[in-house]
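Read through the structure below, which is laid out as structure tokens, and then see the notes.
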Amino acid sequence: MTAVGGRPVWMEKPKPLTQAAKGVALAVTVLLVLVPFLIIVSTSFASNKDVVGGGGWVMWPEHPTLRAYREIFDGGIVGHALWVSAGVTVVGTAASLACTIGLAYALSRRDLFGGRPVLLLILFTFLFPPGMIPSFLLVKSLHMLNSYTALIAPFLINVFNLVVLRGFFQSLPEELYEAARLDGAGEWLILRRVVLPLSKAALAVVGLFYAVSYWNAWFYASIYLDSDHWPLQQVLRTYVIGGAQLADTSAGDAGAVAAPQTIQMAVLVVATVPIVVVYPFLQKYFTKGVLTGAIKS
Amino acid sequence: MAIAERDATGRMGAAGASGEPDVPGRGARGSRRKRLRRDAVLLLLMAPGVAYFVLFHYGVMAGNVIAFKDYVPFDGLWASQWVGTANFQEVLGDDAFWHAVVNTLWIALLQLVFFFPVPLALAMLLHSLTRDSVRRFVQSVAYLPHFLSWVIVVAVFQQLLGESGLLNTVLGDAHLHTVDVIGNPTAFKPLVIAQVIWKDCGWGTIIFLAALSQVDEQQYEAAAIDGAGPWRRFWHVTLPAIRPIVVLLLIMRLGDILSVGFEQMLLQRASVGPDAAEIIDTLVWQRGLVQGDYGYAAAAGLFKGVVGALLVYAANKVAHRLGEQGVYR
């Protein structure tokens, strides 16, 4: 990198027209992502009056209200689904991280007993992912249908995450291990006291990848679980994409209830917010090259 | 195949040559028993992960025998009758299957032509920015949609472009023609591409940006001093630098051509109908999990899996032949 944030001396001054074209292209990119969010968030906070006044859509609510959110959190389907999603995400991410760390750490040792064949067998699954039908039959025969385990166990380890973490462990200097061993530390101690504290960035990225995938999952919930067990994304699918009425909001007199559009947008916001909240933490690491380094290896 | 293979031998050779003294607890390859005892803790650490792969990958793989059976749920997988290749014959003689294959390939091709260049273009644009703060801001915004689920992406498109969505409300208010984008089979394929671009074009820039940042700044400088303008620098410095990664990604995409956004298709299949939206994966879902024809669905799925694996393998071979690195070595 030359002078931070500046134009290198050899580069000619850009033409105003080029600059303008670039500016427009960037602005369009940013607006195409942000405007839909703005509209959705605004609509979710809109009062019925705003919705009717805007012909169903609101760029900026004149009379903001939390009614839609109160309605969906007042128990009922969305509130329950939110708990399911949160629980599956937290438990799933913890389990996935623990198993991925153990496997990646063992496989990062170049002379591990049986390490080579195990690694080959795992990498082969990348070439040949498990099929939908045999997966379903296995989950069924393990009596996991209608159990939240079905949303976690079959997806416990992601090969890509495993390779990223293993690569990171291998990139730590060999001397570190040797010094710890000379101090008499066993593998368990080395992992906990030396390797993991040094791997925070990689663990954060992998952990957040797992969390995002658990939070976003809906398809397997739709085939493994009945509607009493659905996570938020599957509920969102049914009520926003499928257009079904949320049973617990259609009751009561029309005036007291938020417009269906507002409720739908509120559900959409609730499903999106956790991603947007963790995103800045994730984003911080992209630039650090944790991923690009791993992708290349 | 192993990503590790090369460094493993390289490292081990180096350690042997330098004749390092044995570190307590590790060191040169001892007898099997000794190594087993030495690695006991490590083996214990990896046991849950290995168990997972055995059960949920190789167990599932073994479950593919159902494709050769007439599966009767009551009898279970093992007691059901063997039927040889009857399921495959049914699949391969089925117009619906070939329709799904054509749809899959068609969508994959459209993605290759209309989606693939977009992240590359955006990456070039981002890379050309001289102000870091602007670049980081645009990057952050552009990556975001990648982390949203397909449910959210499809819902957003539906809400904005649907019959009573934002666009049509605006057009209606202005007394213009409303457009029929959502639930319209003719508009479905462009819509699918637009969704993919919206969701993943920002994320797709990462790998190109990494390649662009690897270019030696001095090459640009030298070219500029020699009188090369922006276009000539782009043509003679930038393009050769990113060619390997572009070729690699293209080949890998070709290897993965039988998979085109299963969740994305399934979410919209009901609204546009199977004629426009049926791909191989949704056909497997429909025939197996909805209609209960497990033998047919498993056969179709296995067919796709095997052809897909062969394509990835072939793609890697081609990549190596062209002197590029593949996904694996």
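The backbone N, Cα and C atoms fix where each Cβ goes, and this holds for glycine too.
Over in TrEMBL, the protein carries these features:
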type	residues	note
TRANSMEM	A:20-41	transmembrane segment
TRANSMEM	A:81-106	transmembrane segment
DOMAIN	A:82-275	domain 'ABC transmembrane type-1'
TRANSMEM	A:118-139	transmembrane segment
TRANSMEM	A:145-165	transmembrane segment
TRANSMEM	A:201-221	transmembrane segment
TRANSMEM	A:263-282	transmembrane segment
Range from A:20-41, A:81-106, A:145-165, A:201-221, A:263-282 with the greatest count of C-beta pairs under 8 A to the transmembrane segment (A:118-139): A:145-165
CB contact flag for the transmembrane segment (A:201-221) and the transmembrane segment (A:20-41), at least three pairs under 8 A: no
Range from A:81-106, A:145-165, A:263-282 with the greatest count of C-beta pairs under 8 A to the transmembrane segment (A:20-41): A:263-282
